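Residues annotated as phosphoserine in Swiss-Prot, with experimental evidence given as evidence: Ser23, Ser784, Ser788. Summarising the annotation, Swiss-Prot assigns transmembrane segment to 378-398, 416-436, 448-468, 503-523, 546-566, 577-597, 1237-1257, 1337-1357, 1440-1460, 1484-1504, 1550-1572, 1678-1698 (among others) and lists sequence analysis as the type of evidence.
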Amino acid sequence: MDQYWREQEGRGLFEDDANSYVSDDDTMSSLTRMIYDKNSSRDALHSDYDSSSFNVDSSSVAYPAWNQAGEEAPVTMEGVQEILLDLTNKLGFQKDNMRNIFDYVMVLLDSRASRMSPSSALLTIHADVIGGEHANFSKWYFASHFNDGHAIGFHDMSSPIVETMTLKEAEQAWRDQMAAFSPHRMMVQVCLYFLCWGEANNVRFVPECLCFIFECAYDYYISSEAKDVDAALPKEFYLDSVITPIYRFIHAQLFEILDGKYVRRERDHSQIIGYDDINQLFWSYKGLQEIMCADKTPLLDLPPFMRYRHLSDVEWKSCFYKSYYEYRSWFHNVTNFSRIWVMHISAYWYYSAYNSPNLYTKNYHIRLNNKPPASCRWTACGLAGAIASFITLAAVVFEYIHVPRRYHSARRLWPSMLLLISTLLLNIAPVVFIFASSTKEQHYASRLVVGIVHFFFSLVCVVYYSITPLRNLVGFTTKRSGKNLANRFFTANFTPTSKTGAFVSWCLWITVLVAKFLESYFFLTLNLADSIRFLGAMRPYDCRDYILGAGLCKAQPKILLSLLYLTDLSLFFLDTYLWYILISTIYSLAYAFCLGISVWTPWRELFYRVPRRIYTKLLYTDDMEIVFKPKVLISQVWNAIIISMYREHLISRTQIQELLYHQVPSEKAGYHTLRAPNFFYSQQVKHYKQDLFPANSEAARRISFFAQSLAESIPKTSSIDAMPTFTVLVPHYSEKILLSLREIIREEDQLSRVTLLEYLKQLYPVEWRNFVDDTKLLADENDSVIGSIDNEKNGVNKAYDLPFYCVGFKSATPEYTLRTRIWASLRTQTLYRTINGFSNYSRAIKLLYRTETPELVEWTNGDPVRLDEELDLMANRKFRFCVSMQRYAKFTKEEAENAEFLLRAYPDLQIAYMDEDPQSRHNDERHLYSVLIDGHCPIMENGKRRPKYRIRLSGNPILGDGKSDNQNMSIPYIRGEYVQMIDANQDNYLEECLKIRSILAEFEQLTPPLHSPYSVNAKAADNHPVAILGAREYIFSENTGMLGDVAAGKEQTFGTLFARILSLIGGKLHYGHPDFINVLFMITRGGVSKAQKGLHVNEDIYAGMIALQRGGRIKHCDYYQCGKGRDLGFGSILNFTTKIGTGMAEQMLSREYFNLGTQLPFDRFLSFFYAHAGFHVNNMVIMFSLQLLMLVIINLGAMYTVVPVCRYRQFDSLTASLYPEGCYQLKPVLEWLKRCILSIFIVFGIAFVPLAVCELGERGAIRMVIRLAKQIFSLSPIFEIFTCQIYAQSLIANLTFGGARYIGTSRGFATVRVPFSLLYSRFSGPSLYFGSRLMYMLLFGSITAWLPHYIYFWITLTALCISPFLYNPHQFAWTDFFVDYREFMRWLFRENSRNQANSWIGNCQLCRTRVTGYKRKIYGKKADKIAMDSPRARITTMFYGEILGPLGTLFFTCIPFLFINSQPGNDDETQSTNAFIRLIIMSVAPLVLSAIIAFFFFCLGIMLRPILGDRSKTYGVYLAGVAHFLFVCVDVVVFEVLGYLEGWSFSKTLLGFVAIISIHRFAHKFFIICFLSREFRHDGANLAWWSGRWNGQGFGYMVLTQPWREFVCKTTELNMFAGDFLLSHLLLFLQAPVILIPYIDKLHSIILFWLVPSRQIRPPIYTIRQNKLRRQIVLRYATLYFSLFIAFFVLLILPFVFGKSAAGTSMDKFNLIQPATKIVYSSTKNSSV
């Protein structure tokens, strides 16, 4: 298209049909100017740019729908050019921006004009961008101008009723005046908006700011100032004076200059004025009034035409402020999801209060089971209303904290607070009134009436606060009201769901809630009633501690009861998600049947109808001329699909002959007919299919889905010529473009056992065989060898074939090696695979265009070259492919060659990248450019391609996490009305691309509008635009093993099953790829993603939230799918899980969640919560419940150990006596525990239901059973448990510390054994510590109060501890195990004399810096750590997770230890033991000893430093090693001493060990938070501590304080090292039985990779020297391993078998030794009242 401009030299500037209107009143508004612009004469202003600056295609085929339409275009192409030239010259835009926007606008006009008249095309585009009902500019205009007496919008209108206009009247006036615009004026406004947008760089993320800039620019453009030659704006004024100052403010919020370099500021989101804060300043007129120039003059005080020039004078730093504080706090969830907490906690209170009457019954006696007065029971339940009011009041208070009052659109909170305080007091008053009455008064009828009224009033409060959005608690704003327009337009403009969708939504949630509340009552709370009755009345007798006395141990039943309540409440939250999953799965399946998406369609019927459906659903259009019989057209499409599969080596030469349409002689002489493949018509289609396609092959899957998808309801399509233009956009950073031959045929590293090519041949044997046959055929043709196929069959030439089957070629020429590289690249996650797949759109468009336009052959006179040119023109007109290669200018040589190969293979591929001005000096500010090239760009002398466009940027656009910035950089280069967002590891197929017309029809914009968008009729019939269209993904890694299949299953359920029903009920958001985006809707609202660093790490979903809040619809189509790669390694998958979990935590802090959570209607709010945040909250609650259950188990086990337990029959009378006398009735607690375990088991098991249902519906019962059986055999439930913990931990850690970032995950095959040290360091914090702590508790519970149900807990906790090693390839290979053990021991003791990042101490310091942070200034020594770190966490944020949580665990673990040592039943007070002192001594002793050892070796290092000199570095290694090993021995001795003091009772010792761990955990966190300053970025302090060399470490003046800080570090490090040493060896010892199993490595590989033994990966090949060395390593370290194993057994087990208590002997002078446990039955004392 750029050729057009070359022929325009010498043409004059355009003659406008409108004279520019010059207002005498400088305060005239821009709307008035838009309305009253008069015709202007031609401007004689000198141009900075003229038409000779451009190269645009002027041929007649350029933009044919616009230029060659039957109706004359309202503005010609030359006129658009002249408009752009004039705008550029007057407003100071860049030349290349103008050229790019010209093509952008013309392609957009051509796309619209292809299906409607040019006038309608321009009118609808103007309505979409500027003035329409759903245009963002019009909404911004009314939001920011309407609420101030219409002074801005309508001040100068002549109508006398202007001042009293309502919003409805104002909107009508707007529409009337928009309709009166001339086409030229509309084109000016559209072009100006896109010029402003195209050059805005990061300001594109602030759409309302862009609207304001556009308004100022337009005011200036239509003024006389713009025509004044002497006052002309300088070149590139817009970038330098308008955009760059705003960009620099954004940049300054994130970066500061330190030591001459930009480094990221250490600020959390609440301290950063981000894109949204900037944008919200422009939402109101009061905000606009705060925009001040440097001389403190408000910008709005200037005449409108002067504002554009003075934008460069604005002090943006003084204008912008925070409009929402994203404090890292759990309080956001209280506000955002207050209705969830009200609904659950209030309902739980109703249930619990009703079932706990004994707790508020005066003088309750268990034998009498006396009931409270009815009034008390009614009002006790009614207290739920106070709870609901209090929770909602807290939500409003936290809203006050998060939304500053300075923000002009902040709502008034005092009416809500007044209401809530009133209802709170009204709900508390009856409780006080009734319970303060005497027992006699409580039986009065008046009290009963008060109680009943209170109960129903509380019910009203609970229902109201559960259903009503927080922002609508007091008063409602009608749609016609002019109040608070900004919030209504930009945060709560929710599209109403259809009647069907609303009905389904309410039915779904009514079903879920009814099932949940019924099940929760009978299964959870009612079963707790017996436990409440017995524990509430339980009074332990004769128990005491020497120091604490009897008070604490007598409170043990109440403590246990409080844990039961808390655990039951957490489970009460869990089952809501359980029912949501179940019910939504059923609804989704039913909806799928309604849509026709099911494998249950008769198989023969399904394939029999494929030809007919190809014609009716893919080919036939209403305006199609019937020239050939449908069979001819069908055959072209079907043969193209089959041939594409053959070219991809999915089917063989034999199979392709069976599947193609063939031309055969007809019965009539001289005629031919088409014979359809028997595949369609055979009576045994399924048998035929299995013969043609191998079982579970890719070809069978694709054909099956294609046939099934055509059975669905697909929108009617238009012709290819009338199809909208669209773009595929792929962001690329460092993903592999094309595999090199070295990567394919060489092992990845020394830990790899297989080359990539060998592994691919194992995964795709059929496709490899087809590829080899094809290559051999090509080689035979080139070598003129005849009969090679026969020789192969006869086995004559096997030596000739060997190289082909080995590496895919015999001759290592580039064309053959490239074929192998491409074959491998098309089966891995490469960019080449993505481009090859999505280029099928171009092939599909050509195919469809040729079939529907048979006259093409006549037009081209049968010339195949001209025919191809015509097809190429149509494909390029309708489809563009753009890859945003951020690093293209800095590619390595190999990457550059691969990119060049892509451009040569796909010349129409466009690459957008960021370039730097080569002429910039070292001291000058760099000029960065956004550049676009394609395969047609000529290659310059420097080897690079000449850019089509090179637009200077205001600065580096990569300010966030990268991906969204990368997309934003390239978004001006997309073309057309829609864009498909694709990742660089996806694939697509020809048969799916053929559906593109139907997909674009889902946006409901194919038919021309019946009325002008500015007419009243259009307003009445208007529907909200479709903003996003979601699509299915097939995870092509599902057959690569268990982990790949799990990832595929999650995508299958989440991205398909739930997305289907969520789109119907209005709860679907933009999950990512391969969704289609409505370009005009999204780019005018901030783009396709958000980009604030950290906060928007999951950038894709924000596009959905933008669309949902701003009036867009989000749909989902099931009949189209493309391929998607997923991470295949354990660590890589969990990195992705961590990114999703931390991203969700950031979403919870965002204003989008605040807006949606506080404004969505009830049913859509529930869908939004449980489909997104609810999943992660559920994972967190599961793990919290698990921890609570372990605390219940140890507290219950402590009681079971030392008290007599009553016999229990569940159906005995409530007043039955307890037997034997003096016993404690604890059996009901065990019964309740059984049901809780069953509940959690069901919650975990329910995770497989969606996948099972999805498989059942789409692939059949047999495939469902096979797939689930393979997953269960592969131990995938264990992986799911571990994943659940990673989700929960990443969410909690991010809300505590922050640090969310984009995690680049691996996209290769996980065949390499990961070292134990790496796995341990990666997962110890998130899971191993947590799992081991709970496992110790469960071991105690299993010893003291065994239940068979505990087996489930053992599986769960074992999963948390061993999953990283269970899913590590070749983890249990004998030799590799001990070689790895050697590396692990080195890792433990490494970096005590030299800097080594891969070490235990390095990992320990890295974990610690989440709390302490790094020092900002670097002293003397080069930093070892990265410069861009997350900010130091605030102590108030860490209080809950790092202080309060461990403190609670400490309390609930120490209490049972004290109780188990309190000797219940022993009435001899003289025999009381000092259990409390014992616990204190055993807890403090390790801390004191670690401090002594650390200080001793510090002094030793200082003393040895002068003696040894430079050798002190080496000596430091031994000092550190001795100190660490010595403290390991100290920890073992402490455990032995504890066992001795506990009388060698293993259960009591174990419980004491658990309590000590809790104390140490709390102490370590407390010391680190309270006493440690920031870390240095180098490791000098650690090295200096052991070597004594404190000088020269780069401490500066801090050398005086650093030893004291390091002393605290070393005190905690020695404790943590001992814990890690013991825990890691425990985990290694657990693997001992496994590594001794013969052939375990093969069995393990079958589980992981699903490779049969005959196709197992071979063991690595080593040299003789390497084998000898490995045998020596195995001998040494196997000896060490088993020696430590025996030592652990002897020291930690045998003493408890043979030891005897020394209590009461002369050695027990201080009563520290616990006597043997004796359960005492007392016939005179009762444990219950």
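Just so it is clear, glycine is given a Cβ too, placed from its N, Cα and C backbone atoms.
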Apart from its near flanks, which chain residues at least 6 from the ends of the transmembrane segment (1337-1357) lie with a Cβ under 8 angstroms of it?
1186, 1189-1191, 1193-1194, 1196-1198, 1200-1201, 1230, 1233-1234, 1237-1238, 1240-1241, 1244, 1277-1278, 1281, 1331, 1453, 1546-1547, 1550-1551, 1554
Listed stretch, out of 577-597, 1440-1460, 1550-1572, that has the most CB pairs under 8 angstroms to the transmembrane segment (1484-1504):
1550-1572
Look over the recorded stretches 378-398, 448-468, 546-566, 1237-1257, 1550-1572 and say which has the most C-beta pairs under 8 A to the transmembrane segment (577-597).
1237-1257
Can you work out which residues elsewhere in the same chain, 6+ from the ends of the transmembrane segment (378-398), have a Cβ less than 8 Å from its Cβ atoms?
331-332, 334-335, 338, 341-342, 345-347, 349-350, 353-354, 360, 372, 413, 416-417, 420-421, 423-424, 426-428, 430-431, 434-435, 448, 450-452, 454-455, 457-462, 465-466, 470, 473
For the transmembrane segment (1237-1257), sequence-distant contacts whose Cβ falls under 8 Å of one of its Cβ atoms, 6 or more beyond its ends:
523-524, 571, 574-575, 577-578, 581-582, 585-586, 588-589, 592-593, 597-600, 1049, 1052-1053, 1056-1058, 1182, 1185-1186, 1189, 1263-1264, 1267-1268, 1271, 1277, 1280-1281, 1284, 1347, 1349-1350, 1352-1353, 1356
Can you tell me which parts of the same chain pack against the transmembrane segment (448-468), counting only residues 6+ beyond its ends and a CB-CB cutoff under 8 A?
338-339, 342-343, 346-347, 373-379, 381-386, 388-389, 391-392, 423, 426-427, 430-431, 433-434, 1162
